Structures are given as C-alpha cells and as structure tokens.
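Visitor: As annotated in TrEMBL:
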DOMAIN    2-366  domain 'RecF/RecN/SMC N-terminal'
BINDING   Gly30, Asp31, Asn32, Ala33, Gln34, Gly35, Lys36, Ser37  ATP binding site
Amino acid sequence: MYLKTLHLREFRNYRDRQVEFGAPKTILVGDNAQGKSNLLEGAALLSTLKSHRSTSDRDLIREGAELGQATGIVDRQIAPVELSVTLRRTGRRTLTVDGQGCRRQLDFLGIFNVVEFSSLDLDLVRGSPESRRHWLDGLVVQLEPFYAHLLKQYDRVLRQRNALLRKIRESFSPMANRTDPSQQMSDSALPVLDAQLATLGTKVMRRRSRAIERLTPIARAWHDAIGGGAEQLSIRYASNISLFHPSAIREEPEVVRQGFLDLIREKAIAEYHRGTTLVGPHRDEIAFSINETPARQYASQGQQRTLVLALKLAQLKLIEEVVGEPPVLLLDDVLAELDPNRQNQLLEAIEDRFQTLITTTHLGAFDAQWLKTSQILGVRAGEICSQGDFSP
Ligand SMILES: Nc1ncnc2c1ncn2[C@@H]1O[C@H](COP(=O)(O)OP(=O)(O)OP(=O)(O)O)[C@@H](O)[C@H]1O
C-alpha cells in the first residue's frame, strides 16, 4: 500500500498543509521541533487511530483550534481509499472512509497498515512489560483489527472489576464479626465479572500468543542477518496464566479459560487486600533472550538495538504476509541512533519494497544513491517545502 497524500488541518503545529508523496522513500529533513514527527504522527493516526506520544486528542489539535483533522489517500491493490479522522477537544472523533462516516473503529482499522519505528522503540527491550504489551497489541491490531475491539472489552471489564474490588474492600467491616470477605465477594457481581474477564482474557492471550509464534522465526532470521548469526534470539510469550504452555493458549481455549477462573479463585484474598485484579493478560510479559540470557537485564546497548531492529523488520514482513500488501514504514528519528552496519541493514531491507517516510535532522546518514531516489522535503515550523525551497 502507498500513502499518496496526507492533509493535516489544525493538527499539532500544522495549520493547513497537504503533502504529496512522490517516491517510495520520502526524507523529511529539518531542525528539532519543526513538525517532522508530527507529520508521521498524522500518518500513523490514519492507521492505528492512536498516537504513541499522547493519549489525549487535545494534544493533537493545534493550540487555539477547536477541531483538528488528518486526511490521507491510500493506494491499495483493490482501489485507492480516502481516510479521514476529525478530532475534537471534547474527545469525540469522526472517522470517514471515502467520505462515509464509520460508526465503529473496527470499520476503519486495518485499511491502512503501518509499522512505526521511533527512537522510543529502542527502549522496548529494557523498558516496562507494559511497553512490550503495547508493542505486541499494536502489531496484533494491524494483523486482526477485531483485536482492538476485544482489548477494549477486556479493559472495560477489568476496570469494572477493579472498581468493585475496591468497593468491597471499603465496605467490608470486620466490626460486624466477619473476618473473611469471601462471602461478600461471592454475593457481589464479582463472579459475573470473573467469567467475562476469563472469556475475554483467554481470547486476548490466544491472539497474542499466535502473533508471537508467527513473528519469532522471521525476527530470528533478521537477528542472524544483522548480528552475523553469532547469537541466538528467543522470544517467549510469558502469560500471566503461567500454568499453560503457549501452544495450549493457542489451541485449548476452554482449558485455559477454566485455568484462568481457577487462578482468580486462588488469588481472591490477595486481590481483595490489594484492591486490584492480579490475574490476566494485563500482566503478561514478552520475554526476549539472547543465547538464553534474559535481554531485559543483560543485553548491551548494541544487542538491544539489533533486537529491536530485527523485531521491526519482522513486523513489516509479517504484516505483508497476513494482509497481502506491504505496510508503510514510518522511521522517526531512528537512523541517527543506529550504527552504520545496522543502518545499512535497515535501508537495504527497505529498498523500494516498502514505502518509507523518514525524519532526520541532517542528510549525512544517507548514501548518494538513496538521496537520488528519495523525495526530500524540508520541514520548518509547520511548513513543508521541496528541498531547495529552503535549506533547513
Ligand atoms: N497541539 C499543538 N499545537 C501547536 N503546536 C504544537 C502542538 N503539539 C506540538 N506542537 C509543536 O510541534 C513542535 C514539535 O514538532 P515535532 O515533534 O514534529 O518535532 P520534530 O520536527 O520531529 O523535531 P525532533 O527532531 O526534535 O523530533 C513543537 O514546536 C511543538 O511546540
């Protein structure tokens, strides 16, 4: 797929700017804080309906404006499609596909696929388990947009359950000669929420596990190619319902659901005291190891970079396999963070197979051939110009 145009209105520091992408590779060059990442963020929004830098639409709308909008025309094998997201300060959004309103996010997601790779991703290995869950969830949504709906339902039940646990804890009175809160827990709506949590959680786990299983061999192959094959990468989906092997999570959902419920029962008193849900995929981990050593604790900077690069390249290929069209790659300020060998691996892997939008503060990292075949746009204070119109 190919993003032909992107039109940003009152979006971040863009008043009203349309960009035509005239080559498979576009390099956006400019000083810091000029709007390069903002442009990539606008493109990503049309794919994921999310920003990896902000959770509030208010941040995305230009200061002083009421509405912000990102619109793009994406060429796909079947036909070109126009996608548009309108943001409001109230948080209400309007999504349209070819001018028709979409009632559900689900009808919008999955039309345009991207892989984002920014310098923030370089913390994926060392960062919190939450950042790895986010990364995996983002990938699964690209592969199966329905997963976004599942996650939302799971989160809703999780929030209700946590609120109820806190309420039970607050209302429980040992003064009334009761020492065990179990009765109060089972008399409440908790068992209903437990069942919902287990059903939805099993589905979430199954999809996560499936994605890791498919991604692993591709990431390993890239890891070997970048690192010369000296180190062996393993990726393990470490479910919080740890009684189960990943293959059981994929193939025996009913057994897993029952195990999930058993574990909830086992942890009931701990959950009561903590006032929060301790069982479920919101506590999953994705464990990376290099030569059987946990990467989170022991990987060097260089090893982490190789690993993240291998994961991103694997994501591109996996999405292409599943969706049937190459996704668009958004490289935000990441080349400068990679050494020449890793830069070359990345640039060679991209060639012209994936449309790529790259931000950079200087063009020094690119070889002459790349510069010759790329569209180069200058970005300055929310304005975009062809190279030569101004020199950033
Ligand atoms: N809602 C907003 N309204 C107006 N301006 C905004 C808004 N959000 C961000 N900006 C401005 O956008 C600029 C940052 O742009 P961006 O993050 O795209 O930088 P960049 O060009 O990618 O720079 P760097 O190389 O440092 O990453 C800042 O000047 C910031 O003040």
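Cβ atoms are placed via backbone N, Cα and C, with glycine included.
TrEMBL labels come from automatic prediction, so no person has curated them.
Walk me through where these features lie, including what they touch and how far apart they are.
Guide: On the 0 to 100 pLDDT scale, the domain 'RecF/RecN/SMC N-terminal' (2-366) averages 93 in this prediction.
The DSSP secondary structure for Gly30 (ATP binding site) is coil.
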Visitor: Just the binding-site residues from Asp31, Asn32, Gln34, Lys36 whose C-beta lies under 6 Å from any atom of ligand 1, please, or none if there are none.
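Guide: Correct list: Asn32, Gln34, Lys36.
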Visitor: In the structure shown, which of the binding-site residues Asn32, Gln34, Ser37 has the fewest other Cβ atoms within 10 Å?
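Guide: Each of the binding-site residues Asn32, Gln34, Ser37 was scored; lowest Cβ tally within 10 Å is Asn32.
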Visitor: Taking the Cβ of Gly35 (ATP binding site) as centre, how many other Cβ atoms lie within 10 Å?
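Guide: Taking all protein chains shown, Gly35 (ATP binding site) has 24 Cβ neighbours within 10 Å.
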Visitor: Look up Gly35 (ATP binding site) in the DSSP assignment and report helix, strand or coil.
Guide: coil
